[in-house]
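Novice: My questions all concern the structure below.
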Amino acid sequence: MDDSSINKELKQKLNVSYCEEESESEGQKEAPESRETQSQTPDWAEGQESEAKFTPPRTPSSSIHGVGTFEEKDKMSPDQALRTPGPGFHKCPGTPAQPDSRSEVVHCESPYTPKSLLSQSVISSTEKLPSRGSKHLRFTPVPFVDEMTSSALVNINPFTPESYRKQFLRSNGKRKTRGDLEEADPGEGKVEQGLPAKRCVLRETNMASRYEKEFLEVEKIGVGEFGTVYKCIKRLDGCVYAIKRSMKPVAGLSNENLALHEVYAHAVLGHHPHVVRYYSAWAEDDHMIIQNEYCNGGSLQTAISENTKSGNHFPELKLKDILLQISLGLKYIHNSGMVHLDIKPSNIFICHKMQCDSPVVPEEIENEADWFLSANVMYKIAGDLGHVTSISKPKVEEGDSRFLANEILQEDYQHLPKADIFALGLTIAVAAGAESLPANGAKWHHIREGNLPDIPQKLSEEFHNLLKNMIHPDPSERPSAAGLARSRVLRPSLRKAEELQQQLNLEKSKTATLERELREAQQAWSPQEEHSDPGVSGTPTGSRCTKRPVGGKSAKSSSFTCGKSSP
């Protein structure tokens, strides 16, 4: 064989070995699926035999010279370009160019990459994937903008205490409140905290009716200023609830804020024995629906109407019970930093305690921390909470003018809790049998001057004065809800308890005085014993033994006989 043919054969073998080294080095970096397709390239003599054994899918030549082909040409050296086979050898897969890093895989340079992977690589490049060390794992990559948008859809309750509001969505520093997101975006204007609400929070689209699915409507039990109340049985637990449906759709911004305002008040008040319990709320068919506790005794207004028809009235003892229980509810509301501003008979509900089949053990009632838990009849504040506002940042909406305090009409909000006391005093007067209260006119002003309406029944002087003091023209002179809860007029047992407490404190003081005198006497006796003569007895009586030193100048006994001594 001549020299030219030998040189040509050696050159061809060198080219093949060079391709084999490149394919081996890249095979270690490629994914497992690319390792199978990128096998070592045989020499040209064995090309037909290897192709007969395995023929992978081929990309048409037009696709090879399409997307990404110019990048491959730029990365190849001039020597590699000379060794690249021509169009006639497109059946043999070429080795793709080595990627810049392990994390980047140029799918378009491999003729065996499906088009679906090519499209996914283009789409995924526009999204921000979560880091490997992230604690929150997602099945699908979610853009960062979506997470900010979902956080911004969380309403902030305006009645939530400021210290708690800063923490309730910032657990471990991972979540941000809606206000923080708004401050982070300088393009958005400042929005009042909690208002307006995001529209999508109040709408449920493409969903079955939750009201019809979860509840069985029994009857309509009331109609208020803001909605209609229905008695319903929940299909899951079989318990009875009061479901309130807003009268007007919440599509408008003002109606939407009003509906959310009532939900906010219900949610923050929580659970108290003298406040109707709130369970949940949702939007359905553009109406707000609130699930509350059901009170089987109806409203106080219904009971007053029945008494008026029958010519009866609540006795004074019952009136004191109503006043005391509602005062406890108002005390809880005022301590929560809010005022009701719509106290009236239609917003007070009655709950009769259900009798159990088994008798109640007396010890169980005695061990209760609160006396009202054993009461047979409970009075609770409920109704429309659309007028509830904050004491520190009031946004007052006037309630029923018949029970409205004059200072609210004059926009004097320095003593907002006392406006609830004024309305409660008139409510008890109506329950006592007073005629219907005027909405305006001379009689309206006469009551605001501190005069109770005419009450047909005779009340005790102390109770009458208490009611009169509750509607005092000066709100600062009215008692507080906490003061009413401690009133001796409403709780006569407190007087006896206070007397016993005073006697106990007096006896404790006497005992403490005696103990102090005893300690002083003991301290004075101890130094006297230390400085006394050791040879002299310190006690006049002979019961105390004396100490006598042995030896030295002490007298020694001269008789050791056991018999009788001689005279």
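Keep in mind that glycine also has a Cβ here, set from the backbone N, Cα and C atoms.
Pulled the feature table from Swiss-Prot, pasting it below:
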MOD_RES   SER77  phosphoserine
BINDING   ILE221, GLY222, VAL223, GLY224, GLU225, PHE226, GLY227, THR228, VAL229, LYS244  ATP binding site
BINDING   ASN347, ASP384  Mg(2+) binding site
COILED    497-523  coiled coil
Novice: Same chain, not part of ILE221, GLY222, VAL223, GLY224, GLU225, PHE226, GLY227, THR228, VAL229, LYS244: whose C-beta falls within 8 angstroms of the C-beta centre of the ATP site? Give them in sequence order.
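Specialist: Near the ATP site, beyond ILE221, GLY222, VAL223, GLY224, GLU225, PHE226, GLY227, THR228, VAL229, LYS244, sit ARG245, MET247, ASP384.
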Novice: With ATP as the bound species and ILE221, GLY222, VAL223, GLY224, GLU225, PHE226, GLY227, THR228, VAL229, LYS244 as its recorded binding residues, calculate the greatest Cα-Cα distance and give it in Å as a whole number.
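Specialist: Those residues reach a largest Cα separation of 14 Å.
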Novice: For VAL229 (ATP binding site), what is the tally of other C-beta atoms lying within 10 angstroms of its C-beta?
Specialist: 21
Novice: Cβ atoms within 10 Å, counted per site: which of GLU225, ASP384 has the most, among these binding-site residues?
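Specialist: Most Cβ neighbours within 10 Å: ASP384.
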Novice: What are the sequence-distant neighbours of GLY227 (ATP binding site), meaning same chain, six or more residues apart, C-beta distance under 8 angstroms?
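Specialist: Correct list: LYS244, ARG245, SER246, MET247, MET288, ILE290, ASP384.
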Novice: Ranking the binding-site residues ILE221, VAL223 by other Cβ atoms within 10 Å, which is at the bottom?
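Specialist: Ranked by other Cβ atoms within 10 Å, the binding-site residues ILE221, VAL223 bottom out at VAL223.
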Novice: Note down the number of other Cβ atoms within 10 Å of the Cβ of ASN347 (Mg(2+) binding site), including every protein chain shown.
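Specialist: Taking all protein chains shown, ASN347 (Mg(2+) binding site) has 26 Cβ neighbours within 10 Å.
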Novice: Pop the Cα-Cα gap between ASN347 (Mg(2+) binding site) and GLU225 (ATP binding site) into the table, whole Å please.
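Specialist: For GLU225 (ATP binding site) versus ASN347 (Mg(2+) binding site), the Cα atoms are 11 Å apart.
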Novice: Can you tell me the CA-to-CA distance separating VAL229 (ATP binding site) and ASN347 (Mg(2+) binding site), as a whole number of Å?
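Specialist: If we compare the Cα positions of VAL229 (ATP binding site) and ASN347 (Mg(2+) binding site), the gap is 12 Å.
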Novice: Given ASN347 (Mg(2+) binding site) and VAL223 (ATP binding site), what distance in Å do their CA atoms have, once rounded to a whole number?
Specialist: 11
Novice: So, three-state DSSP: helix, strand or coil for ASN347 (Mg(2+) binding site)?
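Specialist: Where ASN347 (Mg(2+) binding site) sits, the three-state DSSP reduction gives helix.
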Novice: Please report the DSSP secondary structure of GLY227 (ATP binding site), reduced to three states.
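Specialist: In the DSSP reduction, GLY227 (ATP binding site) maps to strand.
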